[in-house]
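As annotated by TrEMBL, domain 'BAAT/Acyl-CoA thioester hydrolase C-terminal' applies to 198-406. Taken from TrEMBL, the feature active site, charge relay system applies to Ser227, Asp322, His356.
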Amino acid sequence: MSSQIRLRLLPGVRCLFDEPIQVKVAGLKPRQVVSVRARATDEKGLEFRSSATYRADGSGFIHLDRDPSLGGSYVGVEPMGLLWSLRAEKLHQYFFKNKALEPLVVKFSVHEGDEQGRMLAEETHERFLIGDGVSRFSVKEGNFEGVLFTPPGQGPFPAVLDLCTFMSEKRASLLANKGFVVLAVAVHTEKPSNNKPMHLDHFKEAVDFLQRQPKVGSKGVGIISRSKGGDVALSLAAFVSGVAAVVWINGCSAVVGSPLYFKNQEILSPLPVDWSKEISHESGASIVRYVLGDPRAEENRGTVVPVEQAQASFLFVASGNDLHWDSEGYMDEMVERLKHHGKKNFETVCYPKAGHLLEPPYGPFCPSATHGRISTPVLWGGEPSVHAAAEVHLWKKIQEFLTDHLRCGSKQSKAQL
């Protein structure tokens, strides 16, 4: 490595996972062409890499927030492109970063030329999921288990139930950094079964548990959900008291997968599935967007969640390029129904070119991965750079929505690194 060439990460080499950084290179020759690379290993030990080619300016500087990539994992001006374009060598891999206590470690480096040139500079970057002072406690009470994150300070804080399809602490810990008490609970704690009923009572216990927390000051609980978690969140709002706000991301307007029970009675049956409508893709993955039955069909009325009877406020978020579910169609169906009942308790956001897996920003974009229910690869959809931009916008929108609808006292605190 050259001691004259410097790779800088601003504002520092450590930050929170959902914070942007500036990547700058100094000390190059005027107009020198180099590749700037990143690599990181996920919690399953799989390495992901990205690379982009840049040309230095007349003073030997490269600023990723100013200068366009000429080729590689992405092109154009993409300040955080090296992070969202991280990809494994093998197809259909999701970057697992779900445990809050360990940071994501990213190795940035600068190399001669645009291929396998000599390394000129290197820097290690740590991206933390949990900020200073945020507490993390594993919870197992009654019929549910999860992980509770509490911000520093006396509060009072608004309370949020994070319904993950499968257990992940990422979204919950990052929201706790922003001043929310968040309980992460998995919808599926084992491999899903179409024949095994899902009990809404178990999730009601999680709502009640949150409301009993001493630092919680909001009158109701917020719920954030995506995919299968979406119909559980809608059902809690429709059938359970104490739910004040729901963020529904690329879910369904009807129950999917398993019959839903409440107080020992089946209240909603699942949408029928027609696997003959699965579409094979040349990549080896499948498009399963069309396999679910139509919630609007008369024969499927018993599957649809009656959101019109909910008192909560809703933020419906749909991706126009969702290849997993027709989430935009499901959103439109719910909006039409709410309007028919004279309801105005909802907001909608649609990202036309984003895919199914909308997550907190600056993580690796995942175009396809093994599906947790069917254990084969599926396409999630989305155009990488546009999807990444949608995640940045949505993350801010979620925080604003939850803050507006979960108001409590003035004494609050947020975590910092």
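Glycine residues also receive a Cβ, built from the backbone N, Cα and C atoms like all the rest.
Unlike curated records, TrEMBL annotations are generated automatically.
Worth saying up front: this structure is predicted, and the values here are computed from it rather than measured.
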Cα-Cα distance linking His356 (active site, charge relay system) and Ser227 (active site, charge relay system), given in Å to the nearest integer
8
Quick one: Cα separation, His356 (active site, charge relay system) versus Asp322 (active site, charge relay system), in Å?
5
Over all shown protein chains, what is the count of other CB atoms within 10 A of the CB belonging to Asp322 (active site, charge relay system)?
25
Using all protein chains in view, find how many other C-beta atoms are within 10 Å of the C-beta of Ser227 (active site, charge relay system).
25
For a quick check of packing: other C-beta atoms within 10 Å of the C-beta of His356 (active site, charge relay system), how many?
24
